[in-house]
Amino acid sequence: MFLHSQDFATIVRSTPLISIDLIVENEFGEILLGKRINRPAQGYWFVPGGRVLKDEKLQTAFERLTEIELGIRLPLSVGKFYGIWQHFYEDNSMGGDFSTHYIVIAFLLKLQPNILKLPKSQHNAYCWLSRAKLINDDDVHYNCRAYFNNKTNDAIGLDNKDIICLMRQ
């Protein structure tokens, strides 16, 4: 269910949003990043993903988001659970008047780049970066770098050894 902008603004101002991030890895271990057009994280490199809609099952959200963000509809079984994360932004999709708080369910997808049909609706450019490069690149948003940096405390329900284990897989 998509909401009118005023209703959505009230929700973003008042409560966390639930989203799915798609950590897409190619055969060389590089991660797909898109340069964000929209707020929050506008102008930063970030993994694809998006919100879970009201009354939408996670499986359906995953399929919808892979189609919208990667250009190919994929079942949830393609993704490997990569933890639950918390993302905080000082702005929101409508402007800078209030912050945005996401609870993010992340999935790792190992895909061949040639099957992707990357759209330009959310990102104006794409690149593949190694984990080592993206961790040290300030143009990659902090919340995205956190997926590969075991020193952050942004994973919920995972301790550092679990994050390290996920990063090596």
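Just so you know, glycine gets a Cβ as well, placed from its N, Cα and C.
Mg(2+) binds Gly49, Glu69 as Swiss-Prot records it, and from the list Gln112, Gln122 the residue named for this site is Gln122. Helix first, then strand, then coil: DSSP counts for the motif 'Nudix box' (50-71) stand at 13 helix, 2 strand, 7 coil. Secondary structure from DSSP puts Gln122 (Mg(2+) binding site) in coil. Looking only at Cα atoms, Gln122 (Mg(2+) binding site) sits nearest to Ile37 among the binding-site residues Phe8, Ile37, Arg51, Tyr102.
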